[in-house]
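J.: Before we start, here is the structure in question, set down as structure tokens.
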Amino acid sequence: MAPGTACPALPALLALIGALLPGLGGAQTSVHPPEAIIPRGGSVQVNCSTSCDQRSILGLETQLTKKEVAHGANWKVFELSDVQEDSHPICFANCQKQTMASMSLTVYWFPERVELLPLPRWQPVGENFTLRCRVAGGTPRDSLFVVLLRGEEELSRQPAPVEPAEVEVTVSVLAGRDNHLANFSCRTDLDLRPRGLGLFQNISAPRQLRTFVLPETQPCLGTPRIIEVGTQWAVNCTLDGLFPAAEAKVSLTLAEQKLPSTSLYSKDSVLATANVKANAAQEGTQELACVVTLGEQDRIWKEDVTLYSFPPPSLTLSEPEVSEGTVVTVECEAQAGVVVSLSGLPPGHPAPRAQFQLNASAADHRRSFSCSAALDVAGHLLHKNQTQELRVLYGPRLDQRDCPGNWTWKEGSQQTLRCQAWGNPAPELKCHRKGDDALLPIGDLRPVKREVAGTYLCQAQSPRGVVTREVVLNVTYDQNNMVIIILVAVFVTFGALSGAAYLYNRQRKIQKYRLQKAQEAAAMKLNTPATPP
């Protein structure tokens, strides 16, 4: 029998019998308590009594397990035990007439299971998801409520349906960024406070929700389009507008082989980088892919890269160091498919090989030869160069351009004698004056003296020979300089003496004039007569 359901057949039958039997006056049957609520499996005592003053039959009609625990002249107490469901026991009394009274016995019990069904592993932000709470058991249903929670916040409160015994209550929730890592749960509230008991709550285990934002835009893949085999290059992949960015996973692959990479996260973006070194087995066009995964969804971008092999050309000289007059062969060669050009050789038919010969001279010493190779890779023309230097051995050289044969300098001026000898190996150069074998300083800046004038014999010597050259050094100077100096001194002295004599005679005349005036004044005083008293 379902919980909360009573069998109405027996009470109705007893009521009909009581109505048909004759009885006395107004005798009444009563029951206490008229209503009771107990936990499932509990017990309760029921007092049946009658107002009949004659001997009567008093009893309790119920399908529950009962036991009489006390009695009196017109009352009995019964104990009902192991009550599993709602019931309506009936007290009856036969006192010439049958009377009866029924009570309401309600059983309560907590739900046997309260469970929040699993949430999506990842929920897109801006889309609705459903919380489902499954409740098994629990009565009375008119006092049972199902509450869906986010943390401590109530999202929904609904009365539990009466049937069936196991029910499922749902609520739709809009996913937001604030729901990420939020805990959701469901709770049952059995509210028996209106019946004098308390509020009984059962709560499910919490479940955590993860929300995400993965934009529809594709990742941005940064890489060179052409890469030389054996070189290392950087690949990076970035995607913006992610939430939570730190949960995004990035995979970089080349030719379907995963590349070791590192990821850097900012507020709403991820940047993955990988350093790649391709091998010869990967030469050709390969697919480079970037996959960004978040919330069990992927964003993929692929690009083709071309891996090529392009070794530098081989530039050779038949002999890197030769004597003057030797024939030298210059040759440049590259791999098939490469076009080479060789300096010193006019442009010709494109080919991977070029060469020419030359008769080495002193002018070719330290001459640089260059070979340029060109390769077309996926529409890009690439170049590689190789250079070689030729060394020519030749004897010393002394010529007019580098060692002039005649120098004229003015005495006292600052001058540098420049005389350069050429040759390979470099010759040793010395200049000695004819006659006294005095050494002429070369390359030093110093004041010119008349003593260095003369004819010098400059000799350049190396293991490959000796050459000489005559160099004349003239020093000019002015021989009348001393006479001019003496005359200037005489003129200065004469001028000084003349000036002194002029000043002396002038002072003498002034003194003589003043003396004469004084004598005349004295004579005038002597010739003047005295004034009578």
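Each Cβ is built from the backbone N, Cα and C atoms, and glycine gets one as well.
What TrEMBL records for 1-27 is signal peptide. Per TrEMBL, the feature domain 'Immunoglobulin' maps to 33-108, 317-393, 404-476. TrEMBL lists 482-504 with the feature transmembrane segment.
Quick one: how deep are these features, and who are their neighbours?
T.: Taking H, G and I as helix, E and B as strand and the rest as coil, DSSP gives the domain 'Immunoglobulin' (317-393) the counts 3 helix, 47 strand, 27 coil.
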J.: Of the residues in the domain 'Immunoglobulin' (33-108), how many are helix, strand and coil by DSSP?
T.: 0 helix, 53 strand, 23 coil
J.: Using DSSP, how many residues in the domain 'Immunoglobulin' (404-476) fall into helix, strand and coil?
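T.: When I sort the residues of the domain 'Immunoglobulin' (404-476) into the three classes, I find 3 helix, 42 strand, 28 coil.
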J.: Per-residue pLDDT averaged over the domain 'Immunoglobulin' (33-108) comes to what?
T.: 90
